[in-house]
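For reference, the structure discussed in these notes is given below.
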Amino acid sequence: MERGPMVGAGLGTGTRVRALLGCLVKVLLWVASALLYFGSEQAARLLGSPCLRRLYHAWLAAVVIFGPLLQFHVNSRTIFASHGNFFNIKFVNSAWGWTCTFLGGFVLLVVFLATRRVAVTARHLSRLVVGAAVWRGAGRAFLLIEDLTGSCFEPLPQGLLLHELPDRRSCLAAGHQWRGYTVSSHTFLLTFCCLLMAEEAAVFAKYLAHGLPAGAPLRLVFLLNVLLLGLWNFLLLCTVIYFHQYTHKVVGAAVGTFAWYLTYGSWYHQPWSPGIPGHGLFPRSRSIRKHN
């Protein structure tokens, strides 16, 4: 008979614990939402600055030109110095796939929420199709350069023995090595992805300034793109420090920058192109709120 009050007290304690946990979850969700909104607003303001985007080009150039000097001041035995490290295999080798996945989702949401038009959305997404064609074309061009400038060598204990085999295929079939001028495809791809993502993400500042729908999912996708952009910058720095010859890296980055200029800096400004990021999304008649 004495267990009744004890059971009631236990139930009351359990109810209070659940209520406390519920309040804690609500507080954590509110904090996470506040951080998400604050972080996306500040990142949008940063990436939307025209001055910063110009300085960003100078930053990438400085990384590629002067970054290799850091090899004398860093530990050559770190994980990033290995070709088989996790980031090199999972991210650098698939950089275009990651970029298309994250950036494609961002462009899709921004354009469709702003226009509600499938045709306009498809037109903006076609910039990624052009980027994929640039990547594939550049890769084939780099292989062609290596074929045209290369020679066949047989590795021996005393060194390398030059063979007169005419092309890469016959050289590799004979078990030898083909060595030519190898433009760094990783440096090219990371540079191109960095410039492309910075250009595409910059439109979010204007999107917010026009008061367009910007819920948590869109802001989260935007911040994921910002994090990926930061990762590409870090991996580009690791690449120029630890891998490839100096001129191979500089040429790769130069080709990536030139590819950005031909597309985003020139062709996309023409009426018969996919258009620059943000083109046709923000009617001038729409009221613009201050972007604090």
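Cβ coordinates are placed from backbone N, Cα and C, and glycine is handled just like the others.
Where the annotation comes from TrEMBL, it is an automatic prediction and has not been curated.
Per TrEMBL, the features are:
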{"type": "TRANSMEM", "residues": "19-38", "note": "transmembrane segment"}
{"type": "TRANSMEM", "residues": "58-75", "note": "transmembrane segment"}
{"type": "TRANSMEM", "residues": "95-114", "note": "transmembrane segment"}
{"type": "ACT_SITE", "residues": "His186", "note": "active site"}
{"type": "TRANSMEM", "residues": "188-208", "note": "transmembrane segment"}
{"type": "TRANSMEM", "residues": "220-243", "note": "transmembrane segment"}
{"type": "ACT_SITE", "residues": "His244", "note": "active site"}
{"type": "SITE", "residues": "His248", "note": "site 'Important for catalytic activity'"}
{"type": "TRANSMEM", "residues": "250-268", "note": "transmembrane segment"}
Intrachain C-beta neighbours of His186 (active site), sequence separation six or more, cut-off 8 angstroms: Val92, Ala95, Thr239, Phe243, His244, Gly252
In the chain carrying His248 (site 'Important for catalytic activity'), residues 6 or more apart in sequence that have Cβ under 8 angstroms from it: Tyr181, Thr182, Val183, Ser184, Thr187
Feature contact check the transmembrane segment (19-38) with the transmembrane segment (250-268), CB under 8 Å, 3 or more pairs: no
Intrachain residues whose Cβ lies under 8 Å of the transmembrane segment (188-208), provided they are six or more past its termini: 40-41, 43-45, 47-49, 53, 56-57, 60, 64, 92, 95-96, 99, 103, 106-107, 110, 114, 127, 131, 134-135, 138, 142, 214, 222, 225-226, 228-229, 232-233, 235-236, 239, 252-253, 255-257, 259-260, 264, 277-278, 281-282, 291
Sequence-remote partners of the transmembrane segment (95-114) [C-beta within less than 8 Å, at least six residues beyond its ends]: 120-121, 124-125, 127-128, 131-132, 135, 186, 189-190, 193, 196-197, 200-201, 203-204, 207, 210, 212-213, 217-218, 221-222, 224-225, 228, 232, 235, 277, 281-282
Tertiary contacts of the transmembrane segment (19-38), as residues 6+ beyond its ends and Cβ separation under 8 Å: 216, 219-220, 223
Neighbouring C-beta atoms (10 Å sphere around the C-beta of His244 (active site)): 19
